[in-house]
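Structure, as structure tokens:
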Amino acid sequence: MFKNAFANLQKVGKSLMLPVSVLPIAGILLGVGSANFSWLPAVVSHVMAEAGGSVFANMPLIFAIGVALGFTNNDGVSALAAVVAYGIMVKTMAVVAPLVLHLPAEEIASKHLADTGVLGGIISGAIAAYMFNRFYRIKLPEYLGFFAGKRFVPIISGLAAIFTGVVLSFIWPPIGSAIQTFSQWAAYQNPVVAFGIYGFIERCLVPFGLHHIWNVPFQMQIGEYTNAAGQVFHGDIPRYMAGDPTAGKLSGGFLFKMYGLPAAAIAIWHSAKPENRAKVGGIMISAALTSFLTGITEPIEFSFMFVAPILYIIHAILAGLAFPICILLGMRDGTSFSHGLIDFIVLSGNSSKLWLFPIVGIGYAIVYYTIFRVLIKALDLKTPGREDATEDAKATGTSEMAPALVAAFGGKENITNLDACITRLRVSVADVSKVDQAGLKKLGAAGVVVAGSGVQAIFGTKSDNLKTEMDEYIRNH
């Protein structure tokens, strides 16, 4: 049961990365366009704002497509089925909800009582994915043969969406009310506590690759903002981009991603044994620059996560504290994907107290460096370069990586599902005991996570390319 649950949660987390991947361009367009910079012609600002806003307005549909593709090995039919399912489900609720709630349709629409948001998109995507996996090989009588196989999937998905829409018309209002209550509490009533908890739990979920699921309600659901054109935005990211002065509560990520973790990487480098310091320095400086520029932190985190869990617990606590600090000091900036220098500069149009970020950030860096340096020495933690015995990894060329990786995962017969997100290979295997974790690390994995039949190998931003190479190798050999 646990094996299947973790494998499915892995797929959910991975599938959410496709819609999240459109946020950078949408965020830049909406953020820059809404900022109304004096050096940018008004018509250009308007076009950019409308273009970016259109993506955020259709996020439920984009999430529906992403979830469907994530559970069907990127089969395009499931994406079409997800679009059909979402459209039918929404319209079904629009008709049935007024009958259930005994309220005019206009009042239901104005109060968003039947608005399922991105969660509705995820539900629609799940319907399409389930129907695809269940019916894509279905055989029908000869006179209905045209609708057999994959063509049947959008049809059955649409029918299932009608049933789902009717059911949601009854159960969604109380669920939506609870979500709205939490949204109001987190966004407006007590954001200090809410985002402190968010930051801590989000880091705790990183080792399992499940943080993408936790991010969705905070990034795309909480709070509500209506701009001058009457467009409604939900979620901290879209609201900030649209110019909501109460948004930007996710800004704490800049403190530990641009300053804290890079300082921790330097502390690990300085703590390495003299004979290993040059080698470790190259790795850590590269990881620190990645975190500082892009906000991608896994290369640093996985270097100490398993060998020194006490450091990771402290890091999770400091990450959680970063969000309340920014909120209490009135520091706001925007993020579209992660909290790196690129986001910090490009999305600063609606920011507040931008000058405080480097000041507080340097203070955070000092805290991180001091804690890591002291604890590594005092507890003799085996961070990179301090191992009792090290074995040099053999350099492996790009052309050799695919077969070596397949072999490390136990051979192609042992691989039951192959996928990747931004920083990690996500592989389901038949027999975990056949996976060579040491071999994966020699090939460059910053860490390996095993839970049930799911194996995650953290290779950084090249993971998706490695997945493509492995997929081609498996098909051709």
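Backbone N, Cα and C atoms are what each Cβ position is placed from, and that goes for glycine too.
Taken straight from Swiss-Prot:
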type: DOMAIN; residues: 1-388; note: domain 'PTS EIIC type-1'
type: TOPO_DOM; residues: 1-14; note: topological domain 'Cytoplasmic'
type: TRANSMEM; residues: 15-35; note: transmembrane segment
type: TOPO_DOM; residues: 36-50; note: topological domain 'Periplasmic'
type: TRANSMEM; residues: 51-71; note: transmembrane segment
type: TOPO_DOM; residues: 72-79; note: topological domain 'Cytoplasmic'
type: TRANSMEM; residues: 80-100; note: transmembrane segment
type: TOPO_DOM; residues: 101-111; note: topological domain 'Periplasmic'
type: TRANSMEM; residues: 112-132; note: transmembrane segment
type: TOPO_DOM; residues: 133-151; note: topological domain 'Cytoplasmic'
type: TRANSMEM; residues: 152-172; note: transmembrane segment
type: TOPO_DOM; residues: 173-190; note: topological domain 'Periplasmic'
type: TRANSMEM; residues: 191-211; note: transmembrane segment
type: TOPO_DOM; residues: 212-249; note: topological domain 'Cytoplasmic'
type: TRANSMEM; residues: 250-270; note: transmembrane segment
type: TOPO_DOM; residues: 271-279; note: topological domain 'Periplasmic'
type: TRANSMEM; residues: 280-300; note: transmembrane segment
type: TOPO_DOM; residues: 301-309; note: topological domain 'Cytoplasmic'
type: TRANSMEM; residues: 310-330; note: transmembrane segment
type: TOPO_DOM; residues: 331-355; note: topological domain 'Periplasmic'
type: TRANSMEM; residues: 356-376; note: transmembrane segment
type: TOPO_DOM; residues: 377-477; note: topological domain 'Cytoplasmic'
type: DOMAIN; residues: 399-477; note: domain 'PTS EIIB type-1'
type: ACT_SITE; residues: CYS421; note: active site, phosphocysteine intermediate
type: MOD_RES; residues: CYS421; note: phosphocysteine
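Relative to the transmembrane segment (191-211), the listed stretch 310-330 leads the set 15-35, 80-100, 112-132, 310-330 in CB pairs under 8 A.
DSSP places the residues of the topological domain 'Periplasmic' (271-279) in helix, strand and coil in these numbers: 7 helix, 0 strand, 2 coil. Take the CB of the residue listed as 'active site, phosphocysteine intermediate' and look out to 10 A: across all protein chains shown you find 23 other CB atoms. With pairs at least 6 apart in sequence, the transmembrane segment (250-270) and the transmembrane segment (356-376) have 3 or more Cβ pairs within the 8 Å limit; the two touch. Across 51-71, 152-172, 250-270, 280-300, 310-330, stretch 51-71 shows the highest tally of CB pairs under 8 A with the transmembrane segment (112-132).
By the Cβ criterion (under 8 Å, sequence separation of 6 or more), the transmembrane segment (250-270) is in contact with the transmembrane segment (310-330), since 3+ such pairs are found. Here the topological domain 'Cytoplasmic' (301-309) has Cβ contacts under 8 Å with residues 206-207, 261, 264-265, 268, 283-284, 287, 315, 372, 375-376, 379, 381-384, 446-447, 458 of the same chain, all six or more residues outside its ends. Within its own chain, the topological domain 'Periplasmic' (173-190) is flanked in space by residues 97, 100-101, 112-116, 119, 198, 217-218, 221-224, 234, 236, 246-247, 249, which lie at least six positions past its ends and keep a Cβ under 8 Å from the stretch. Sequence-distant contacts of the transmembrane segment (280-300), counting only residues of its own chain at least 6 positions beyond either end whose CB sits under 8 Å from a CB of the stretch, comprise 206, 253, 257-259, 261-262, 264-266, 268-269, 272, 335, 337-343, 384-385, 422-424, 446-447, 458, 460-461. Counted with DSSP, the topological domain 'Periplasmic' (173-190) comes out as 17 helix, 0 strand, 1 coil.
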